[in-house]
Amino acid sequence: MKIGIIGAMEEEVTLLRDKIENRQTISLGGCEIYTGQLNGTEVALLKSGIGKVAAALGATLLLEHGKPDVIINTGSAGGLAPTLKVGDIVVSDEARYHDADVTAFGYEYGQLPGCPAGFKADDKLIAAAEACIAELNLNAVRGLIVSGDAFINGSVGLAKIRHNFPQAIAVEMEATAIAHVCHNFNVPFVVVRAISDVADQQSHLSFDEFLAVAAKQSSLMVESLVQKLAHG
């Protein structure tokens, strides 16, 4: 099995990249793909850049050039579920856009024409992630993760997300675009991120302070998940 891993920012990929053996780097379309072995398992790690377009472009390049069997999206996220704290893990069972609106033509809020309203994560990947969470004794929540091209740092944006997606557990800027591409390529995916901030008016301060904590936790989870998928 070859496992694809996608993170948006340098801080979100550096810990994993440094552990890849026999590493080779491909720079393409503003993205970087690192291939090699992570604890003996073939991986292709992508640093995509921030936002939905960068994530979709990167995911497509990774699938075409890295040929992974599954995709894990890692990194940081803003917490929406009330129980989440900085460093906790979120696992997607579904991903949706929070900034897409074609409701004038009868679509659900967040749904794009020709697409499902949400993109379902793979059940086996979810189960493997939850097994890793239990083994590592981490605090985690599974549920809907929503994405959009905005860092949520104020009451208006937060209220809109809570109104349209009251069940959402976390918000970030890439996961749904990656899920969308995986859906089109029929490649299983799961989002496994760590909380860097609680989405509120002070979230930008929390993000700057705790990004390193989130990156460490998400990298720990992904490394464990890669082992679980490769060896059971």
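Positions of Cβ are set from backbone N, Cα and C atoms, glycine also.
Its own atom aside, the Cβ of E12 (active site, proton acceptor) has 28 Cβ atoms within 10 angstroms in the protein chains shown. E12 (active site, proton acceptor) falls within a helix when secondary structure is assigned with DSSP. As annotated by Swiss-Prot, active site, proton acceptor applies to E12.
What Swiss-Prot lists as substrate binding site is G78, I152, M173, E174, and the listing cites sequence analysis. Over all protein chains present, the Cβ of E174 (substrate binding site) has 32 other Cβ atoms lying within 10 Å.
Other Cβ atoms within 10 Å of the Cβ of D197 (active site, proton donor), summed over all protein chains shown, number 25. Under the heading active site, proton donor, Swiss-Prot lists D197.
Long-range Cβ proximity for M173 (substrate binding site), meaning a same-chain Cβ under 8 A and a gap of 6 or more residues, is found for A8, I50, G51, K52, A55, S147, G148, D149, A150, F151. Cα of G78 (substrate binding site) to Cα of E12 (active site, proton acceptor): a span of 14 Å. Here substrate is bound by G78, I152, M173, E174 per the record. The longest Cα to Cα distance in that group is 13 Å.
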